[in-house]
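Here's the structure, in structure tokens; my notes come after.
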Amino acid sequence: MAFLPNGQLATNVTFQTQHVSRAKRGQVLGQRGGFRGCTVWFTGLSGAGKTTISFALEEYLVSQGIPTYSLDGDNVRHGLNKNLGFTQEDREENIRRISEVAKLFADGGIVCLTSFISPFKRDRDLARSLHEQAGLPFFECFVDTPLDVCEQRDVKGLYKKARAGQIKGFTGIDQQYESPDAPEIQLYAGNKSIDECVQEVVSLLQKNGVVPESAVNIVKELFVPESGLEHAKAEIVDLPTMEITKLDTQWVQVLSEGWATPLTGFMREREYLQSQHFGCLLDGGVTNQSIPIVLPVHTADKDRLEGSSAFALSYEGKRIAILRTPEFYEHRKEERCSRQFGTSNAGQPYVKMIMESGDWLVGGDLEVLERITWNDGLDEYRLTPNELRAKFRALNADAVFAFQLRNPVHNGHALLMTDTRRRLTERGYKKPVLLLHPLGGWTKDDDVPLAWRMKQHQAILDEKVLDPDYTVMAIFPSPMMYAGPTEVQWHAKARMSTGANFYIVGRDPAGMPHPETKQDLYNATHGAKVLTMAPGLTQLEIVPFRVAAYNKTKSAMDFYDPERHDEFMFISGTKMRGMARAGETPPNGFMAPSAWKIMVEYYKTKAQQS
């Protein structure tokens, strides 16, 4: 039945069954496929955080390719329910209408988020029953924030007016709020961050099959838990052992700290093929994984270990990890290199290491006994994704922008980073924080070593070319592969695990010259373009690298303007290194003086060692 304008009920209304099924609708809605329609009903006092959490959850789920829409109480009263007041009858009708609309969104395959005080239990029960009758999931989410905290927030000044008697029937003051008896989830938003609340709801949706595991923003560390450590230490002594290289150990560190979440260890063949052919992991949703993380094995080790349910990995004689349920498969080196690098020329240094490695690969679940350390004076900078998340929370960062680098920082880089922060502030972010994240794994011989780079970066911070109060400097443990646009996706994906939501990409990222022709292996613009299209990276906003050059008029690095070409001088990396080797001084404003001094000192030391 339906109401007519004269107040009579329409009796000639028949419910029509649609031709398109939910399963079929789910195939074309969103990026992940599958029907995910449901309603998450946020309820709680005014100022509890319902809308804030709902909007943040909507932003997160959409970034993961999951169609989501947030219905907010104030917004709905501007349109659909603008003819309703705040009497008990009008409040009931307000919630009834919203319940029906939410059900339609959910039936359309959308995750519908509703944020309404909805103080009465019977109204919330009605919303639930409407969904249950339609066979749609309904999750009641009680945002349980104490009244005193809500009053302290009082952004709209409503509590103050209610206390003064200017608003009658205000929930929590002179009208009772009926707390849910058994909500699917209870969020204590008074003492938890918005991000923590969002992830609790995401975990609930994942457990109920609405959200795939790959969309849960949890870092999967592969360390043996404290409770099982003694048993693992006793077990590893009796296991067959395989000695691994320093490069392999760096990949153990990457995996164990959760940079490659959701991988549970070195790739088995199924994961390897997905990475090689699709640039993604596809089980449980789409996760970008453009580079294979694999463990090469020589034939003698394969023959010795095949059939074992587990074996130990040892580096420099120390057993560091257990590989369980191993799977051996052929290492097709030329094909791997051709797909990953666009060349199988052994003059490319990482290709050379692959070609010299074992003829087999082994995948399996990794259990790492303790954190990988290198005792080189830099371990304090090797922060895990979880540690970086904690650091950003402590800084109250509301945006994190990451800058990947393997070279010394000059003032052109610094200009880009400070300009990015300025633009984020203009967009409304209160405290954007820079993750200055130099790559700390293997690099080719002619790159500046990590220890010298870290000293140079610290000098940049000490001279306040970059603001140290809004910068976190840490080491990214991955080896460098020089695989261009393929590798830059890995660099971006790994930073997502830290909570970074912006990523600065430069010209020719992860590029190098062809070992024979000396021409660039990759188009210098393709890395930035690929990142804007890559599957599984929609959570990350890409900040393209604007060209910076030395402005002779300003005696400073500046964004290049082709209309003022004669004012600019380009100082390439090759030219910069040549000047440092010769002990020359660059133009004033090109690099912080103390940072340049470190560059000169490095090349002087290198020359003496040679």
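Cβ from N, Cα, C; glycine included.
Swiss-Prot has this to say about the protein:
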- 1-205: region 'Adenylyl-sulfate kinase' (REGION)
- Gly44, Leu45, Ser46, Gly47, Ala48, Gly49, Lys50, Thr51: ATP binding site (BINDING)
- Ser118: active site, phosphoserine intermediate (ACT_SITE)
- 206-610: region 'Sulfate adenylyltransferase' (REGION)
- 506-510: motif 'PP-motif' (MOTIF)
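Each residue in the motif 'PP-motif' (506-510) gets a DSSP state, and the totals come to 0 helix, 0 strand, 5 coil. Ranking the recorded positions Ser46, Thr51, Ser118 by how many Cβ atoms sit within 10 Å of each one's Cβ puts Ser118 at the top. Secondary structure from DSSP puts Ser46 (ATP binding site) in coil. For the region 'Adenylyl-sulfate kinase' (1-205), the predicted model reports an average pLDDT of 83. Ser118 (active site, phosphoserine intermediate) falls outside any helix or strand according to DSSP and counts as coil. Look at the Cβ of each of the binding-site residues Gly44, Gly47, Gly49 and count the other Cβ atoms within 10 Å; the largest number goes with Gly44. Ser118 (active site, phosphoserine intermediate) and Gly47 (ATP binding site) are 13 Å apart (CA-CA, integer value). Using a 10 Å Cβ-Cβ cutoff, Ala48 (ATP binding site) registers 27 neighbours. Distance noted between the C-alpha atoms of Thr51 (ATP binding site) and the residue listed as 'active site, phosphoserine intermediate' is 13 Å. Counting only the Cα atoms, the space from Gly44 (ATP binding site) to Ser118 (active site, phosphoserine intermediate) is about 7 angstrom. A Cα-Cα distance of 10 Å separates Ser46 (ATP binding site) from Ser118 (active site, phosphoserine intermediate). The two recorded residues Gly49 (ATP binding site) and the residue listed as 'active site, phosphoserine intermediate' have their Cα atoms spaced 14 Å from each other.
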